[in-house]
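These come from Swiss-Prot:
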type	residues	note
REGION	1-228	region 'Pyrophosphorylase'
BINDING	8-11, K22, Q73, 78-79, G140, E154, N169, N226, R331, K349, Y364, N375	UDP-N-acetyl-alpha-D-glucosamine binding site
BINDING	D103, N226	Mg(2+) binding site
REGION	229-249	region 'Linker'
REGION	250-454	region 'N-acetyltransferase'
ACT_SITE	H361	active site, proton acceptor
BINDING	N384, Y385, A421, R438	acetyl-CoA binding site
Amino acid sequence: MNKCAIILAAGQGTRIKSKLPKVLHKACGKEMVNHVIDAMRNAEIEDVNVIIGKGAELVKERTTSRNVSYSLQAEQLGTGHAVKCAKDFLEGKTGVVAIFTGDAPLIKPETVKNLVDTHINEKNSATLLTSVIENPTGYGRIVRNGESVEKIVEHKDCNEQEIKIQEVNAGMYCFDIESLLTSLEQLSNDNAQGEYYLTDVIEILKKENKKVGAMITDFEETLGVNSRAELAKVESIMRNRINRTHLDNGVTIIDPLNTYIEPEVVIGKDTIIYPGNVIEGKTVIGEDCILYPNSRINNSTIGNGVEIQSSVILDSKIGDETTVGPFAYVRPESNIGEHVRIGDFVEIKKSTIGNNTKVSHLTYIGDAEVGERCNFGCGTVVVNYDGKKKHKTIIGDDSFIGCNTNLVSPVEVKDNTYIAAGSTITKEVPEGSLAIARAKQQNIEGWVERKKLK
């Protein structure tokens, strides 16, 4: 059976009060519409069409990497009108189409798959996704005749019996494509709002004695976002869901309510995460790590047995058994080896640090290639920028860099060298040598007494 999907993403979302189209607001680091697109793909639906309207070009820009097609809804004239705008996408297709909203990022792939499978197995013309809730005020009620759906009744139109129904319409559907296209031609906007409603398709199908079914799911999954408060609620649920998955997989999260982990993060078992950590993007963290409070890690790979304290690591790689922090800053394109010490107030930028090297405190290393088993004294600075462009520094294995050393790039320090504290190095340091580049100390006896006399 051929399957495709339509995602409704044309609205501006006035209640969210933003210049950004509503569906591009992020939940746990990913645009809401991309959460929904990914749910379709993970439910084995590859052919996805996004209905765009307000901010169309920006929505295209933010979703283009997901290889979807687009249909333009120039005027927002209701959900039925939105689907009519996808007529060119649907025509010529056979099979089924799932229709979901781009502002409901909590929908699970397994729910999408179950809805489509239910629709196909029951041979329905339409299948609604529904939820049973304690307080259904404001929601359209699902009126059933046995297992079949008889109609959807809006809250304001309910009679005494219908108002008691707790099963409500989630606004997400699966349709037989041929039945949907035929019904869309019959849609009318003869209502107070002058809009075309997708729910009216259900009424049209029932009049034609077509079979309409429903599948109940957790109401939480169907929550839509119309305001910043609702976005915060949805994101809180998503964070809890993400953290629970890691807990179930053997990760210790000491305070899940105060730990932010984005959905594509991978964490190995027996890793311990303290409160206040922010782990973003496609970060991969190994086993047996300890993340002490208040670090940010973005799009980085962290090895096994790594300890990180109150530090920032961006787009970089940290090797096994390395310690970072407190208050270290590892900037993009850095590659830190195994058993390395990156200490307090150390900044590493676009550099490679070899295994067993120690950079313990108050040091800047930029655009450098550092060998193995090196030691950096406090206050070392790699002077990589000449005011116009950056230059590279190479430091060989087993080198000892004394405190308050300036390495003026481009420069190379060969293997097994020592640099005296306070030196400013501008030339190559040969292998096995000691480099001293500082003014000779001069003591002026009696100077203080003479200074006082003046």
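Heads up, residue numbers simply count up from 1 along the chain you see.
The backbone N, Cα and C atoms fix where each Cβ goes, and this holds for glycine too.
Break the region 'Linker' (229-249) down by DSSP state and the numbers are 20 helix, 0 strand, 1 coil.
Recorded residues the residue listed as 'active site, proton acceptor' and N226 (Mg(2+) binding site) have their alpha carbons 48 Å apart, per Cα-Cα distance.
Looking only at the binding-site residues Y364, Y385, the densest Cβ neighbourhood within 10 Å occurs at Y364. Of all the binding-site residues given, namely G140, N226, the one with the smallest number of surrounding CB atoms inside 10 A is N226. Comparing the Cα of K22 (UDP-N-acetyl-alpha-D-glucosamine binding site) with the Cα of every entry in N226, Y385, A421, R438, these being the binding-site residues, the smallest distance points to N226. The number of other CB atoms found within 10 A of the CB of R331 (UDP-N-acetyl-alpha-D-glucosamine binding site), across every protein chain shown, is 16. Taking CA atoms as the reference points, N226 (Mg(2+) binding site) and L8 (UDP-N-acetyl-alpha-D-glucosamine binding site) are 14 Å apart.
A simple Cβ count within 10 Å picks out one of the recorded positions K22, H361, R438 as the most packed, and that one is K22. Of L8, G140, Y364, Y385, A421, all annotated as binding-site residues, the residue with the shortest Cα distance to D103 (Mg(2+) binding site) is L8.
Note on G78 (UDP-N-acetyl-alpha-D-glucosamine binding site): other Cβ atoms within 10 Å of its Cβ, all shown chains, come to 21. Residues near L8 (UDP-N-acetyl-alpha-D-glucosamine binding site) in space but far in sequence (CB under 8 A, at least 6 apart, same chain), listed by position: I51, T79, A82, V83, I99, F100, T101, G102. There are 23 other Cβ atoms within 10 Å of the Cβ belonging to N384 (acetyl-CoA binding site).
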